[in-house]
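Trainee: This is the structure I have questions about; it appears just below.
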Amino acid sequence: MKFFSYILVYRRFLLVVFTLLILLPLPLILRNKEAECAYILFVVATFWLTEPLPLSVTALLPALMLPMFGIMPSKKVASAYFKDFHLLLIGVICLATSIEKWNLHKRIALRMVMMVGVNPAWLTLGFMSSTAFLSMWLSNTSTTAMVMPIMEAVAQQIISAEAEVEATQMTYISGSTNYGLETDENVNGHETSERKEKTKPVPGYSNDAGKISSKMELEKNSGTGNKYRTKKDHMMCKLMCLCVAYSSTVGGLTTITGTSTNLIFAEHFNMRYPDCHCINFGSWFLMSFPAAIIILLLSWIWLQWLFLGFNFKEMAQCGKTATAKQKACAEVIKQEYQKLGPIKYQEIVISVLFIVMALLWFTRDPGFVSGWSVLFSEYPGFATDSTVALLVGLLFFLIPAKRLTKTIPTGETVAFDYSPLITWKEFQSFMPWDIAILVGGGFALADGCEESGLSKWIGNKLTPLGSLPVWLIILISSLLVTSLTEVASNPATITLLLPILSPLAEAIQVNPLYILLPSTLCTSFAFLLPVANPPNAIVFSYGHLKVTDMVKAGLGVNIVGVAVVMLGMFTWIVPMFDLHTYPSWAPAVSNETMP
């Protein structure tokens with residue numbers, strides 16, 4: 001038993017050692033560059049799937065192993081770790097930092113929820129819409145962390161209001177004071193006030209604060225043995241949690257900057273096919289926005305039916321007199337919005353910069369008309385989306401947020417400095433350096449596959465798949481990606497599969513976008529498990545959900561997502577990129593085989 005306990009303690013170390021040793025015969029026996037690169041690929045893939053090392057640490061292995069095996073010089077490998085992607089990411093994080101610092105995200109979320117009304121079904125759709133919109137511009141993880149404390153406060157207020165209304169009705173029906181009921185009401189009132197205190201959002205809150213608040217509430221309820229008044233209350237909490245998690249993921253599909261997998265695809269595609277100038281912010285949005293809207297609406301219907309039942313009669317009452325519970329819910333949302341006060345100068349500036357960034361992205365090279373990139377026609381391809389992101393991002397460090405004053409001995413107040421919208425320290429706290437390194441490792445690995453000839457060898461071996469119908473190849477690759485991303489991180493999954501799927505498309509003479517686009521979108525469909533996606537983990541930490549709830553709900557959303565992506569690939573996306581023809585910008589496949 002002691003021996004097995006040591007194995008359990010050192011399992012990560014043993015996994016690293018045995019993986020390196022078990023795969024070692026591959027380069028030792030075959031002794032060619034393709035086999036050596038395959039060894040590196042298998043080692044990195046195994047570590048990314050099992051995580052004996054942090055993902056970003058594993059991403060540094062290509063920088064060590066590619067020069068060691070003589071596949072690429074160290075200087076060339078190092079250059080792969082910082083690309084145009086990283087500049088774009090820096091600009092986007094500047095925007096995300098300023099939005100959260102000055103609470104613009106809360107104003108947007110609460111305003112959108114207030115617009116749709118307080119009917120439970122419409123309220124859920126309001127949270128999903130606001131979360132998806134924020135996730136278009138911010139990371140899925142930070143969006144979920146921002147919205148969840150607001151959602152938790154609203155959910156607890158609904159439960160409290162329903163309890164108070166039912167208690168009042170019971171007292172009215174009895175016609176006299178019920179001392180037992182009065183005691184219960186006092187207890188409920190005490191619990192309600194405690195719940196309000198614990199779930200009350202505070203300006204500048206953090207996700208950790210939300211988690212602690214939720215855990216304290218759950219511990220209190222666990223002591224009484226009753227977490228929820230009714231099963232319907234529990235179902236409503238589950239519904240609202242999953243709506244926030246799933247809509248943050250769906251919203252990230254719509255823009256290249258919405259999620260890291262989109263950015264990784266764009267950088268990989270532009271590096272592998274430099275003559276194709278079809279993937280940019282505008283074309284991606286036109287392609288993915290209809291799919292995201294359909295997935296969002298169908299997911300809303302599915303989740304609403306699964307947990308509360310889809311009552312069309314109740315939904316149609318949105319214009320009628322609201323119930324006491326709905327009025328209480330509307331009141332708490334209104335109070336939270338009023339706490340923000342009138343819109344501040346900083347929020348106005350951030351909104352203007354946000355709109356400017358989006359417009360510059362859309363109009364750089366929209367495709368159907370000439371964009372502002374023609375102003376630099378002498379240098380085609382020099383100005384990219386990262387140029388826009390950096391231009392606007394630098395303004396956040398330059399534009400003053402407020403002036404700093406002091407009182408001199410004469411009693412006069414003078415300005416001695418100014419504070420910008422964000423500081424470098426604040427930016428650093430938001431910048432996902434682990435993702436930056438992970439993506440860099442993927443680029444280095446892809447370059448190694450190309451230099452060693454492994455990509456061509458894989459392409460030749462996959463040529464027989466060309467006999468299958470294109471729709472079946474797309475479906476198989478989409479299902480493979482969707483399954484793999486449930487047990488591995490989304491960035492690791494797309495980074496691992498892009499160097500394999502690209503040669504596959506070239507080998508069977510199919511437009512690479514036909515296979516790469518649906519696979520990239522499906523990489524985000526990690527809805528089944530709490531560990532599959534950071535948004536899933538955040539909402540799971542609030543304690544309302546079980547793993548079985550997520551599996552049951554996520555399976556339906558996964559099916560919806562894959563089906564909608566398949567629909568898009570054979571309808572509106574086809575004419576956008578002329579997918580039925582093998583493009584001139586894709587390389588012709590040679591008949592070389594691995595020796």
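Heads up, the Cβ atoms here are built off N, Cα and C, so glycines get one too.
Sequence annotations record features per position, and here TrEMBL assigns transmembrane segment to 12-30, 37-65, 85-104, 116-138, 281-303, 343-362, 382-399, 462-481, 513-532, 553-574. Sequence annotations record features per position, and here TrEMBL assigns region 'Disordered' to 183-204. Per TrEMBL, the feature compositional bias 'Basic and acidic residues' maps to 187-200.
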Trainee: Could you check whether the transmembrane segment (343-362) packs against the transmembrane segment (553-574) - three or more CB pairs closer than 8 Å, residues at least 6 apart in sequence?
Mentor: no
Trainee: Is the transmembrane segment (37-65) in contact with the transmembrane segment (281-303), using three or more Cβ pairs under 8 angstroms as the rule and ignoring pairs under 6 apart in sequence?
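Mentor: Counting Cβ pairs under 8 Å (6 or more apart in sequence), the transmembrane segment (281-303) does not reach the transmembrane segment (37-65), since there are fewer than 3.
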Trainee: Within the same chain, where does the transmembrane segment (462-481) have neighbours whose Cβ lies under 8 angstroms from its own Cβ atoms, ignoring anything closer than 6 residues to its ends? I mean 6 or more beyond.
Mentor: 493-494, 497, 501, 503-504, 507-510, 514-515, 518-519, 522-523, 562, 565-566, 569-570, 589
Trainee: When each of 37-65, 85-104, 382-399, 553-574 is checked against the transmembrane segment (513-532) for Cβ pairs under 8 Å, which one has the most?
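Mentor: Comparing 37-65, 85-104, 382-399, 553-574 against the transmembrane segment (513-532), the winner is 553-574.
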Trainee: Look over the recorded stretches 12-30, 37-65, 85-104, 382-399, 553-574 and say which has the most C-beta pairs under 8 A to the transmembrane segment (116-138).
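Mentor: Top-ranked stretch among 12-30, 37-65, 85-104, 382-399, 553-574: 85-104.
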Trainee: Tally Cβ pairs under 8 Å between the transmembrane segment (85-104) and each listed stretch (12-30, 37-65, 382-399, 553-574), then give the stretch with the top tally.
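Mentor: By Cβ pairs under 8 Å, 382-399 leads among 12-30, 37-65, 382-399, 553-574.
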Trainee: Mind pulling out the one from 12-30, 382-399, 553-574 with the most Cβ pairs under 8 angstroms to the transmembrane segment (37-65)?
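Mentor: Of the candidates 12-30, 382-399, 553-574, 12-30 scores highest.
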